[in-house]
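Asker: A single structure is presented below for examination.
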Protein chains: 2
Amino acid sequence: MFAVTILGNNSAIPTAERHPTSQVVTSYDQLLMIDCGEGTQVQMTRFKIRRSRIRHIFISHLHGDHYFGLIGLLNSLSLLGRTEPLTVYAPPELEQILQLQLDCAATQLKFALHFVALRGEAAGVILEEKDLEVSFFPVKHRIPCFGFVFEQQKKKRKIIPEQAQAYKIPAAFYSRLQEGADYQRKDGLLVKNNWVTLPPPKGKKYVYCADTIYDESLVPRLEGADLVYHETTYLHGLAERAAERYHSTSVQAATLAARAGAQRLLIGHFSSKYTELAPFLEECRPVFPNTELSVEGATYLI
Amino acid sequence: MFAVTILGNNSAIPTAERHPTSQVVTSYDQLLMIDCGEGTQVQMTRFKIRRSRIRHIFISHLHGDHYFGLIGLLNSLSLLGRTEPLTVYAPPELEQILQLQLDCAATQLKFALHFVALRGEAAGVILEEKDLEVSFFPVKHRIPCFGFVFEQQKKKRKIIPEQAQAYKIPAAFYSRLQEGADYQRKDGLLVKNNWVTLPPPKGKKYVYCADTIYDESLVPRLEGADLVYHETTYLHGLAERAAERYHSTSVQAATLAARAGAQRLLIGHFSSKYTELAPFLEECRPVFPNTELSVEGATYLI
């Protein structure tokens, strides 16, 4: 299982129907949150996403529609008795904001809150798990802002059954083969791992581009992605306004996905001015046919 | 018109059905907000309360379920182009929290945000308008916390028509009479105002007790109230837990209203553990019959 569920698909001003940005990535049995706008914890309840299963939260930038719901979520987790640690990845000032709010409430969270600061023009891996690697990269927005790449890691090499049988390797040793071990036969022959296995198949890749102006330098980040999330705050008629505000349009997101040769494009962060979202798809699909609207509560396989 | 509308009736952990504390007092054409938990701005949209008409926001204390929605509301007001000043009355640390969040977002609000700090054991008038006076008073909670009194001021004296006619005062002068002026007759007689008018009738009074432990010293604050809001986080079976957490029970709120001789009691801030609220009424009414449950979206006349 590798998928992303949309909790909020709107830009800054929440409405009764659409909420500010938040997504949950599911990788096997793990849940990871990206951004956490106001109301996210209620959206989790609504869509039956168990708050307790989140262990990592990635905050792209400190515009409120991407993090105002975080302190409330942390508070609720503590009140609900969480003891398992939680790690937040975000621009460094967020730690101070959260601490000030906890101090004013004389609240000590019942769980350890780790904080990983994202800064400047850096990029790289910030989380390595058994099956998943998460990295971050800078995007161009009005304030420091970061995108995230989620790649499932297939660590197990692929056994070539005919070869393994030809070398008479016992099935009990196959899991060691998948881990890359050589096999020492009793007759003295050392069967090299790469005689009987292939490298692990490529893992699936999800790229979250956060809030960003149209920026062709992102193309290499998107290459090989099975799913790209790119904001489309505006329809293309407002391309000028989008650029002024460091946001993107429908056509721009589709153009970037097409240039990078991504498999699929998911668009969101729609301005509250739009009550109908279908025109976003109508503008994207001629440029990049495999485009989907992010719909709150919907889950998209990666 | 003098009434209060409930936007949230729940305690700390929001659910999909119940929201953290927020209320809007309507006094004639003016709206005043009390507390602003997460999701308040969306509740305002849902219940068609115009955000732009709020000019004063009173925050009782810095537990998140009473203010986490404020920064989002301020942000939205600015994005929507508000230019009219807004005043926040709250414990002083809130100013620092808001400023830090605005600074991190490189946001300058488009309207002036005034801040009135509520501190210590002080009490007194914090807002005097033509028709309304608001004062604050300390309550006993786990951190500094304040209640608020909203009193409609009837500034106009009441004319006694027979007397005014007997003294042959022209109707054109009646509005001056209501303001307290004497009338100088052409024949030399000075008609004293209090010969022809009565003092302004007593204004209606709403007392919001915020989050508080059961505290009989509040009785004088509640005397003469037409409507009292008192929290009932727990049913009375959990009186011990309520005291430990500086909260109150159903029976305690009703007892206080009865002792103070209040006209009506409105209860709220229900713990998320309760899905049924009717038992709160069942426990209160034997002690204080004129009790009502706060229901989100409902408006209670004062």
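Placed from the backbone N, Cα and C atoms, the Cβ positions cover glycine too.
TrEMBL entries are annotated by machine, without manual review.
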Asker: Going by TrEMBL, A:His61, A:His63, A:Asp211 bind Zn(2+) 1; tell me which of A:His114, A:His141 is listed for that site too.
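Answerer: Looking through A:His114, A:His141, the residue TrEMBL assigns to the Zn(2+) 1 site is A:His141.
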Asker: Taking Cβ atoms only, which of the binding-site residues A:His66, A:His141, A:Asp211, A:His269 fall under 8 Å from chain B?
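Answerer: Nothing passes the 8 Å Cβ test.
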Asker: Name the residue among the binding-site residues A:His66, A:His141, A:His269 whose Cβ has the smallest number of other Cβ atoms within 10 Å.
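Answerer: Comparing Cβ neighbour counts within 10 Å for the binding-site residues A:His66, A:His141, A:His269 gives A:His141.
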Asker: Quick check: which same-chain residues outside A:Asp65, A:His66, A:Asp211, A:His269 lie with their CB within 8 A of the centre of the Zn(2+) 2 site CB atoms?
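Answerer: Neighbours found: A:Ser11, A:Ala12, A:Pro20, A:Thr21, A:Asp35, A:Gly37, A:Ser60, A:His61, A:His63, A:Ala210, A:Glu231.
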Asker: In sequence order, what residues of the same chain, 6+ apart, have a Cβ less than 8 Å from the Cβ of A:His61 (Zn(2+) 1 binding site)?
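Answerer: Same-chain residues close to A:His61 (Zn(2+) 1 binding site) (Cβ under 8 Å, separated by 6 or more) are A:Pro91, A:His141, A:Ile143, A:Pro144, A:Cys145, A:Phe146, A:Ala210, A:Asp211.
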Asker: Which ones in the same chain are close to A:Asp65 (Zn(2+) 2 binding site), with CB under 8 Å and 6+ residues apart in sequence?
Answerer: A:Asn10, A:Ser11, A:Ala12, A:Ile13, A:Pro14, A:Pro20, A:Thr21, A:Gly37, A:Glu38
Asker: When you measure from the Cβ of A:Asp211 (Zn(2+) 1 binding site), how many other Cβ atoms are you left with inside 10 Å?
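Answerer: Result for A:Asp211 (Zn(2+) 1 binding site): 27 neighbouring Cβ atoms inside 10 Å.
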